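Heads up, the thing below is written out as structure tokens.
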Amino acid sequence: MPPSTSANANTDLDNIEKDVDPVYDVSLELNPAERTRLLRKLDWHLLPIVTLLYLLSFLDRSNIGNARIAGMSTDLHLVGLRYNIAAVVFFILYIFAEVPSNIILKLYRPSRWLPIIMVAWGLVATLMCLVNTYQGLLITRVFLGLTEAGMFPGVNYYLSMWYPRADLATRIALFYSSATLAGAFGGILAYVIEKMDGLGGLHGWQWIFCLEGLATMIIAFGAFFLMHDYPETASFLTEKERCNLVWLLKNDSQNLATHYDFRFVLQALKDYRAWIQSGMFIGLVVPIYAVALFIPTIINELGFSVVNTQLLTVPPYIAGCVCTILAGIYSDIHKLRGPYVIGGAFVSLVGYIVLYTQRSPGPSYVGAFLAAVGVFPTIPVYIAWVSSNVGGDMKRGVVIAMLTGCANLGGICASLIYLDPPRFRLGHGTNIGCLSFSILGTTFAMWYYNRLNKQKEKECREGGITEDRKDEFRNMGDRSPLFRYALYFILLVTIDAGWTSFGMHLYNLTLQPPTAATQAITGKLSTVIASDVFGSIRSLAAFRLTGSTKDYAIVGSDSGRIVILDYDPKTSSFVKLHQETFGKSGPRRIVPGQYLATDPKGRSVMISAMEKAKLVYILNRDAAANLTISSPLEAHKNNAIIHHIIGLDVGFENPMFAVLEVDYTESDQDPTGEAFNNAEKMLTYYELDLGLNHVVRKWSEPTDPRANLLVQVPGGQVASTDRFDGPSGVLVCCEDHIIYRHMDKPQHRVPIPRRRHPLEDPSRGVIITAAVMHKMKGAFFFLLQSEDGDLFKVTIDHEEDEVRALKIKYFDTVPVANGLCILKSGFLFVASEFGNHYLYQFQKLGDDDNEPEFSSTSYPSFGMADPTAPLPHAHFRPRPLDNLALAD
């Protein structure tokens, strides 16, 4: 038995949230097989006990119907309306005790509160066997209603805290089917117990109350040890299963509040939709109680004997049980709610019409059969529907209690409408009206919730509200603009497709970026000019000629041309300064342009295709200070696949470019495929000799085969000084680690920190997808972003051009970017691939000591003792933004 209280459960959840990523955590996503196994495990540990509890609850409240025809009416002189009144008084305190009971359930432990009230009503039910007057029967029925009040809403609320919304109907149906089993079992049990008439001086109907009440108390003591409180404290789940379930439920509830707060109670009581839903539910409950309280009487009035009547009550309940379970299962499979409510109500409506119009026993029994079979499946589906449309645990618990409390007014109504035997036309006619009202009300509700959802979607669209702001609306419950009501179906996907209630994620595999600039240019961001381009822009970069103050844009596209543009502020237009055709035509056409790199001093540019072609152009000025560009200089190694290129910062030495490439020459000539498996990824430096106007491979060495991105490191000697801008070289971003590499200096390697949480998969690699470098006076740093959106600040501890350490620490988490740009005014521009751009202002530079920093000096030989061996994992705890603030 889990030892925690509800308060402790909430604390545990908070702790789990600290350990698990609160923003985007793909590793938490369950595949369908794991999800099914987890839910099945819940089913085996939760459903048997709650089903048994409700079976006994329904048996103890409805056995008065079996006791009536077993002789109680005669012994207690239940003439006229006395039986109906005895049925009604059960609901007097029952209605008012349901909401307080669910509040206590939230504050206390379900594994204690539900068994406590079970012992209480079991004791009352047992004491009913000692009743020998009509007044005594009324008193015991009042207290039975008081003690049973918390069971049905409590179990519904309890299950809603364990299961996602789209899986709830099946579980409520399985739990509620015990009511139909109680009806069937009660008839058989009453038939057997009635034969004990006279034993111990008690009548047969007294033995019905005695034995069924004692059974309830015995099971209640077992429930103390068999029930579990909350998912956060479930001892039958492993740590991984527990965390998976917690986040499955958090995502399903749109991260709404789960703690106790009296304002959530007020939200429920003031919600007019909750009262309307409760009123509609009455239309379904009146026929249910009519079946439970009067089906033995209805069948008996058809002319059957007492024994046959007890047995003939069994088939409708058995069929109702099967239909209830099937309706719940298929309701979840098809994600339908409204149609199943309407369908079941229609079948029951047909049954009551038959009872109203027919007199003969055969057709009338068929009508009673249809009335029971149709109405029973509607209850769990309707409750699951209402639960899905209430946001927040506390409010949901109160609304479910309100729903069942108001619905029990239907029990009062049902108790007072069967007054005219043998036809019972008033009762059957009332049920026909109630079911018709429910069918019409359900149809209206589907339309109305659809209208509310459209209003919320409009609000989100016009207000720019997305899932990353869900914490702002945490305490608003279903009034949150991010909450979506279930219509006739269950909504699985919330707005903006970036987050779903089941934690599903949309992945995008791109072999080529879309038609858009993949790099941002620093400066004030405002739309000055827009120009149509007839082609796909593959790459774009800015450069400035040495000694100049004018910026140019160089563009590579799939047209096979390289274009240099200048912006003319007088005409507000782009001026094409140069256009060079570099693509080869014919069947062996090669169009470079996938990669573009410029020399930091603006002296040259390299443009490259993914395969084979790499061309270098020299940039210069003529006597009139106009930009000139040389003819292309080839700088490629045949049979090489390119992964990335950058321009190296080497000061005023000859321009150099770094390239990640794989040579497949031997692979093409090896039919065994062994050379392909042994092909190495190379880090190669190409140097442009400005004096001789040719390009040479300066240096090349194998690097990590998982390297995917290069980042330029500042370097070169400052003119007319002995000071260096930095050590030069590159950062090689690989899976799980980053390498600092320079052809003349020792390497340094550090791991990429990963999120600390209980579900960490050590085999899942972390890669860097975007990077930006920012230079300040006498210093520089890098921001690298992982595929999860986490930003890491990388610094290089150096003395002039000598590197001492490579350091990395967690900085902040922002949406995954296609490009990052740091503006000199102190802003970070995050350009996402699909156009959702963000602007953040730097609050600080992440220099505090609260975040752990990982240094290459902490590892043997700066992490390069065995370059092929994995480094020990480094971890960080995700948190809300601290160093950055989203700009208004």
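Note: Cβ is positioned from N, Cα and C throughout, glycine not excepted.
Residues or ranges marked as domain 'Major facilitator superfamily (MFS) profile' by TrEMBL: 46-453. For the domain 'Major facilitator superfamily (MFS) profile' (46-453), the model gives a mean pLDDT of 79.
Under the heading transmembrane segment, TrEMBL lists 79-101 (among others).
For 113-133 (among others), the entry in TrEMBL reads transmembrane segment.
The transmembrane segment annotation in TrEMBL covers 139-160 (among others).
The transmembrane segment annotation in TrEMBL covers 172-193 (among others).
Taken from TrEMBL, the feature transmembrane segment applies to 205-227 (among others).
Nonlocal intrachain contacts for the transmembrane segment (279-299), taken as residues 6+ away from its ends with a CB within less than 8 angstroms of a stretch CB, comprise 58, 61-62, 64-66, 68-69, 87, 179, 183, 187, 309-310, 312-313, 316, 341, 345, 348, 352, 355, 364-365, 368, 371-372, 375-376, 378-379, 382, 386, 403-404, 406-411, 413-415, 417-418, 421, 424, 427, 430-431, 434-435, 437-438, 441-442, 445. The annotation transmembrane segment is assigned in TrEMBL to 279-299 (among others).
Packing against the transmembrane segment (314-333) from elsewhere in the chain are residues 166-174, 176-177, 180-184, 187-188, 291, 295, 340, 344, 368-369, 371-381, 384: each is 6 or more residues past its ends and has a CB under 8 Å from a CB in it. The transmembrane segment feature in TrEMBL is assigned to 314-333 (among others).
According to TrEMBL, the transmembrane segment annotation covers 340-358 (among others). Proximity of distant same-chain residues to the transmembrane segment (340-358), defined by a Cβ-Cβ separation under 8 Å and at least 6 residues beyond the stretch ends, is recorded for 283-284, 287, 298, 323, 327, 330-331, 364, 366-378, 381-382, 385, 424-425, 428-429, 431-432, 435-436, 438-439, 442-443.
Per TrEMBL, transmembrane segment is recorded for 364-385 (among others).
When Cβ-Cβ distances below 8 Å are used as the criterion, the transmembrane segment (397-418) is approached by residues 81, 84-85, 87-88, 90-91, 94-96, 98-99, 101-103, 105-106, 152-153, 156-157, 160, 264-265, 268-269, 271, 274-275, 277-279, 281-290, 293-294, 297-298, 383, 386-387, 390, 424, 426-427, 430-431, 434 of the same chain, each at least six residues removed from its ends. Look at TrEMBL and you will find 397-418 (among others) tagged as transmembrane segment.
What TrEMBL lists as transmembrane segment is 430-449 (among others).
Annotation source TrEMBL lists transmembrane segment at 485-507 (among others).
Non-local neighbours of the transmembrane segment (205-227) in the same chain are 1, 49-50, 52-53, 56-57, 59-60, 63, 66-68, 70-72, 75, 110-112, 114-115, 118-119, 121-131, 189-190, 193-194, 196-197, 199; each lies 6+ residues outside the stretch with a CB under 8 Å from one of its CB atoms. If one looks beyond the transmembrane segment (364-385) by at least 6 residues along the same chain, the residues whose Cβ comes under 8 Å of a Cβ in the stretch are 156, 165, 168-169, 172-173, 175-177, 179-180, 183, 281, 284-285, 287-288, 290-291, 295, 298-299, 302, 312, 315-317, 319-321, 323-324, 326-328, 331, 337-338, 340-341, 344-355, 358, 400, 403, 431, 435, 438, 486. For the transmembrane segment (79-101), the list of distant contacts is 61, 64, 68, 73, 113, 117, 134, 137-138, 141-146, 148-150, 152-154, 293, 398, 401-402, 404-406, 408-409, 411-412, 414-416, 418-419: same-chain residues at least six beyond its ends, Cβ to Cβ under 8 Å. Long-range contacts of the transmembrane segment (139-160) within the same chain, counting only residues at least 6 positions beyond its ends with a Cβ under 8 Å from a Cβ of the stretch, are 46, 50, 53-54, 57, 60-61, 64, 86-87, 89-98, 101-102, 104-106, 110, 113-114, 117-118, 120-121, 124-125, 127-128, 131, 168, 171-172, 175, 383, 387, 393, 396-397, 400-401, 403-405.
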